[in-house]
2 protein chains.
Amino acid sequence: MAADSSLEFLKSVKGVILDMCGVLYDSGEGGGRAIHGSVEAVKRLMDSGLMLRFCTNETQNTRERFVQKLRVMGFDISVSHVFSPAPAVVQILQKRHLRPHLLVHDDLIPEFDGVDTSSPNCVVIGDAAEKFSYQNLNEAFRVLIGLEKPVLFSLGRGRYYKETDGLKLDVGVYMKALEYACDVQAEVVGKPSSEFFKTVLNDMNLQPHEVVMVGDDLVNDVGGAQSCGMKGLQVRTGKYRPSDECDPSVRADAYVDDLSAAVDAILTNR
Amino acid sequence: MAADSSLEFLKSVKGVILDMCGVLYDSGEGGGRAIHGSVEAVKRLMDSGLMLRFCTNETQNTRERFVQKLRVMGFDISVSHVFSPAPAVVQILQKRHLRPHLLVHDDLIPEFDGVDTSSPNCVVIGDAAEKFSYQNLNEAFRVLIGLEKPVLFSLGRGRYYKETDGLKLDVGVYMKALEYACDVQAEVVGKPSSEFFKTVLNDMNLQPHEVVMVGDDLVNDVGGAQSCGMKGLQVRTGKYRPSDECDPSVRADAYVDDLSAAVDAILTNR
């Protein structure tokens with residue numbers, strides 16, 4: 001690919017952050033499958049000398065299990081390079097001496113090992129899927145409404161996602177439900193929160209303008225990164241829709257067909 | 001009770017609308033129990049020559065079963081005098097040729113007898129309680145998101161209510177969830193909707209300023225009635241909280257201890 005003047009902003013890039021689901025792989029039965037060209041594209045980035053980190057709102061697995069799942073698809077990624085909401089909220093809980101009531105997926109529970117969950121004084125919700133029962137939601141609600149000042153953390157704020165058996169409601173929907181029930185505003189941990197992206201930037205030891213985020217989600221990936229001062233590329237895979245390219249509120253710095261094309265653009269224009 | 005100058009607004013009253021749960025009875029095991037003095041207070045109103053109607057957001061029973069439940073507690077009320085959201089939404093559905101996907105309590109289903117629910121082009125949610133499962137909510141969501149212009153009806157917009165085994169999330173919470181998921185605004189059928197109160201006024205053939213609403217819910221009963229031009233009395237039973245009397249957004253025309261005191265005030269000052 002020849003250098004493209006509209007991609008001149010890539011000249012100063014020293015680091016890349018990749019969203020995972022919809023960029024590296026499509027989720028589905030048996031854990032999903034790699035998107036064509038992505039395994040090789042990640043390898044090229046790793047060999048390029050650019051800093052590389054991964055940033056996901058995945059909360060149905062611990063990072064260890066998640067990375068293992070990606071390994072099976074052919075991605076060789078270090079757990080320490082993956083940033084997800086659960087470890088981030090654990091840091092916040094410890095810093096603020098909060099004891100959570102957890103409404104999260106069973107497979108995420110090990111991320112909270114060592115966290116005191118007795119006499120909860122806040123609620124943490126993740127993508128709990130089937131665990132979002134009427135009873136479990138009532139329980140989380142009762143904890144919140146019983147607090148003098150309810151504190152609710154939401155691991156991401158997604159509306160819905162696609163699985164092989166159809167669209168599924170995501171954590172943001174249940175966040176809105178509890179917000180209304182308790183007249184409270186949730187603290188979102190994960191994309192598109194700036195705090196979350198800054199943790200990744202700190203780990204890379206880079207300035208925002210030196211980093212480009214590649215994602216399939218216009219609001220959470222591209223918009224979130226841009227709010228931090230980073231550049232945002234949107235790939236036309238995963239949850240991308242053609243209407244994203246004329247969205248009135250968020251405009252990606254560039255649109256590319258897939259991760260392979262994104263890596264071409266980055267390596268050619270840096 | 002002597003006539004009270006602050007209650008002079010009751011002079012022009014020709015009709016009364018009573019909220020039911022928290023005014024006539026407290027809900028709970030075995031259907032609940034009558035609030036002290038309420039059975040006799042309803043009788044006095046019926047014998048007073050004032051028009052009397054009942055207005056509830058109850059959606060866990062058909063009106064027939066609901067009135068039967070009240071009969072057991074000692075209230076002798078005619079089904080045709082009870083206004084609830086389900087019959088109101090059925091009228092709207094028929095008028096607008098809409099075929100609903102129903103996410104409502106099993107015991108409410110008979111209210112929709114004769115309503116075409118094939119190839120749904122809208123969603124109706126009520127207080128479905130245990131039926132608010134992740135799977136059922138996903139199903140309702142998929143119907144909505146599959147429509148060119150999603151139409152969502154919510155039978156009331158309550159946040160929560162109290163039962164003997166604790167606080168329970170109400171339909172409004174799930175309305176907010178689906179609103180966020182589909183980026184749509186629900187049409188609320190039931191209190192505090194003005195359309196709903198107007199149906200009751202039409203049935204009484206009275207003007208708004210001739211009618212007083214008595215309820216325990218400051219927003220849905222008192223505020224809703226006032227928005228229509230009616231007067232609103234709040235009783236200090238049911239979900240009443242002392243903080244209601246200094247609420248910044250809604251101020252009742254009077255606060256009284258219970259329905260018995262409300263009827264005293266109305267009959268003495270008219």
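Residue numbers in this text run from 1 along the chain shown.
Cβ coordinates are placed from backbone N, Cα and C, and glycine is handled just like the others.
In the record from Swiss-Prot, residues B:Asp19, B:Cys21 bind Mg(2+); the candidate from B:Asp170, B:Asp183, B:Asp203, B:Asp216 listed for the same site is B:Asp216.
Figure note: comparing Cβ neighbours within 10 Å for the binding-site residues B:Met20, B:Cys21, the maximum is reached by B:Met20. Note: the substrate site is recorded as B:Asp19, B:Met20, B:Cys21, B:Thr56, B:Asn57, B:Lys191; in the same chain, B:Gly22, B:Val23, B:Phe54, B:Cys55, B:Glu58, B:Ser84, B:Gly215, B:Asp217, B:Asn220, B:Asp221 also have Cβ atoms within 8 Å of that site's Cβ centroid. The 10 Å shell around the Cβ of B:Asn57 (substrate binding site) contains 29 further Cβ atoms across the protein chains shown. If you measure from the Cα atom of B:Asp19 (Mg(2+) binding site) to that of B:Asn57 (substrate binding site), you get 9 Å. For B:Asp19 (Mg(2+) binding site), other Cβ atoms within 10 Å of its Cβ number 26. Long-range Cβ neighbours of B:Asp216 (Mg(2+) binding site) (same chain, at least 6 residues apart, Cβ-Cβ under 8 Å): B:Asp19, B:Cys21, B:Gly22, B:Val23, B:Gln234, B:Val235, B:Thr237, B:Gly238, B:Lys239, B:Tyr240.
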